[in-house]
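Among the features that TrEMBL reports, active site is placed at TYR370. Summarising the annotation, TrEMBL assigns active site, proton donor/acceptor to ASP410. Sequence annotations record features per position, and here TrEMBL assigns active site, proton acceptor to HIS508. According to TrEMBL, the feature Mg(2+) binding site maps to ASN263, GLU294, ASP410, ASN412, ASP507, HIS508. Annotated domain 'SAP' per TrEMBL: 100-134, in sequence order. Positions annotated as site 'Transition state stabilizer' by TrEMBL: ASN412. The feature site 'Important for catalytic activity' is assigned by TrEMBL to ASP482. Taken from TrEMBL, the feature site 'Interaction with DNA substrate' applies to HIS508.
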Amino acid sequence: MNLQALQIRVKSFINLSSFAARPRSLKIGQLGSLRLRVMSSKRGVSSSTKSAAASIVDDKKDSKLKGMSGDCSEKVLIEESCWKVQSVEFQSIKDDPGKIEAMTVQELRATLRKFGVPAKGRKGDLVFALKHFMGESSQELEERVSFNSRENISLQKNTKRTSDESCVVSINTVSEVSGFKQSKRRMKQSPVEDEIVKVGTEIVTTKRKLSIKTDDLVTLPQAEPWTVLSHKKPQKGWIPYNPRTMRPAPLTDGNSVKLMSWNVNGLRALLKFEGFSALELAQRENFDVLCLQETKLQEKDVDSIKQCLIDGYENSFWTCSNAKLGYSGTAIVSRIKPLSVCYGLGIPDHDSEGRVVTAEFDSFYLVNTYVPNSGDGLKRLSYRITQWDPSLSNYMKELEKSKPVILTGDLNCAHQEIDIFNPAGNKRSAGFTEEERQSFGSNFLSKGLVDTFRKQHPNVVGYTYWGYRHGGRKTNKGWRLDYFLVSESIADKVHDSYIVPDVNGSDHCPIGLVLKV
């Protein structure tokens with residue numbers, strides 16, 4: 001074959017390759033001539049020409065893969081250095097909080113986005129968001145930096161190892177806050193990812209569906225939703241409750257008593273719950289007395305339930321509803337033997353539903369109460385505010401004549417707007433009506449009882465109840481309905497009034513009180 005013929009055939013091969021990349025918009029007349037060119041190209045290309053073309057393609061692939069591998073390594077190094085810069089910047093702002101107020105809106109938004117925090121709202125909202133984020137300890141940030149560095153180093157090694165096998169590693173970094181939302185969107189859209197497969201000497205990119213487990217989507221803020229401020233009408237200075245940082249150090253002198261209260265929403269169901277058990281709660285909190293509400297037991301069930309009590313808590317006192325079986329019910333379980341115990345308020349109209357147990361100890365009375373809910377359509381609202389609340393208040397004042405009183409339990413009232421996620425939308429909901437809130441104030445707080453959690457945490461948003469219906473617990477859309485109210489005479493002896501939001505098994509979580517005695 002002469003040189004001119006070879007050039008023609010190579011040119012024909014090149015024309016065919018360029019056609020494959022063009023848009024398919026050929027006229028019918030052009031299509032016939034194109035077929036002739038393709039057929040002649042297939043017949044006329046020699047084996048030497050094919051091998052030369054294949055060699056060129058392979059060289060391009062090798063160089064492309066090497067470039068990808070190099071890019072991947074650079075991404076790893078850049079990402080690692082970014083984490084280190086973030087750590088330094090985080091510490092700089094944490095050491096001088098005044099910098100936050102001096103920042104412009106643009107600087108605030110840029111800084112928040114850098115740390116992966118949503119940057120929406122006016123300057124006041126941005127300042128608050130950044131100050132709240134600075135509440136994260138330097139140690140926690142260092143641990144995240146260290147973890148990401150280790151992940152990047154491992155990823156870099158894997159990239160080098162797989163580059164010889166024509167695999168490409170892509171690095172996608174998402175923030176802790178936005179990653180969860182993005183992952184949820186990807187799941188709803190039947191997610192796919194590129195999968196690079198080696199077929200002979202060819203590299204083929206395919207699409208395959210991702211299988212994502214919901215557990216994999218949970219990051220720290222979502223795993224502890226109560227640490228994220230969740231309120232439809234937050235006021236300046238409000239912050240979310242975080243027991244890891246807001247609880248004082250335990251007392252070591254031994255002259256204290258730890259009380260806990262928990263609306264269990266059915267004790268038998270709780271005992272079958274496979275998650276966090278009451279035994280684990282006792283081991284972790286080491287409480288002296290546990291008050292239970294809404295046990296939903298009948299009297300015939302009490303003896304068998306007593307067999308399940310934790311060792312060391314042999315003193316237990318139960319009252320059940322007689323008016324409606326499997327309803328209401330309260331109990332006190334204690335390692336300290338009380339001086340006396342009584343049930344109810346001493347008023348038959350109030351005592352048929354098993355809502356009150358009182359235990360007398362050396363230095364105080366403990367009144368465990370499950371206050372009636374006003375119910376659907378507020379059917380029991382009048383009974384609640386005109387009969388029950390005044391009767392309970394009078395009962396407390398009688399006890400106070402002998403010694404201080406501690407009132408605990410599910411009091412079925414979110415007293416202030418800070419105590420409920422959506423105050424505007426619940427003005428006529430049981431537990432947040434104006435009548436119930438006024439009754440709570442006039443019958444208890446105005447009569448000398450102190451809300452211990454609110455005294456200790458005046459600007460803290462902390463909830464104790466999340467409805468099952470809308471999954472409020474996962475997004476921390478809750479109510480604070482459970483309280484420890486104490487007589488003013490012992491309010492200064494309260495060492496800690498706290499919420500235990502990580503305990504599941506009920507639509508309420510336990511609350512605690514540590515009192516110096």
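Cβ atoms here come from the backbone N, Cα and C positions, even for glycine.
Unlike curated entries, TrEMBL annotations are predicted automatically.
Structure coloured by features recorded in TrEMBL.
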residue: ASN263; record: Mg(2+) binding site; Cβ within 10 Å: 25
residue: GLU294; record: Mg(2+) binding site; Cβ within 10 Å: 24
residue: TYR370; record: active site; Cβ within 10 Å: 25
residue: ASP410; record: active site, proton donor/acceptor; Cβ within 10 Å: 27
residue: ASN412; record: Mg(2+) binding site; Cβ within 10 Å: 24
residue: ASP482; record: site 'Important for catalytic activity'; Cβ within 10 Å: 24
residue: ASP507; record: Mg(2+) binding site; Cβ within 10 Å: 19
residue: HIS508; record: active site, proton acceptor; Cβ within 10 Å: 23
Open item on the list: Around the Mg(2+) site formed by ASN263, GLU294, ASP410, ASN412, ASP507, HIS508, which additional residues qualify by having Cβ within 8 Å of the site's Cβ center?
Closed with: ASN265, GLN293, TYR370, TYR465, LEU481, ASP482, SER506
Task: Listed recorded positions among ASN263, ASP410, ASN412, ASP507, HIS508 whose Cα sits within 10 Å of the residue listed as 'active site' - done: ASN263, ASP410, ASN412
Open item on the list: Based on DSSP, tally up the residues of the domain 'SAP' (100-134) by helix, strand and coil.
Closed with: 24 helix, 0 strand, 11 coil
TODO: Starting from the Cα of ASP482 (site 'Important for catalytic activity'), work out which of the recorded positions (GLU294, ASP507, HIS508) are within 10 Å.
DONE: HIS508
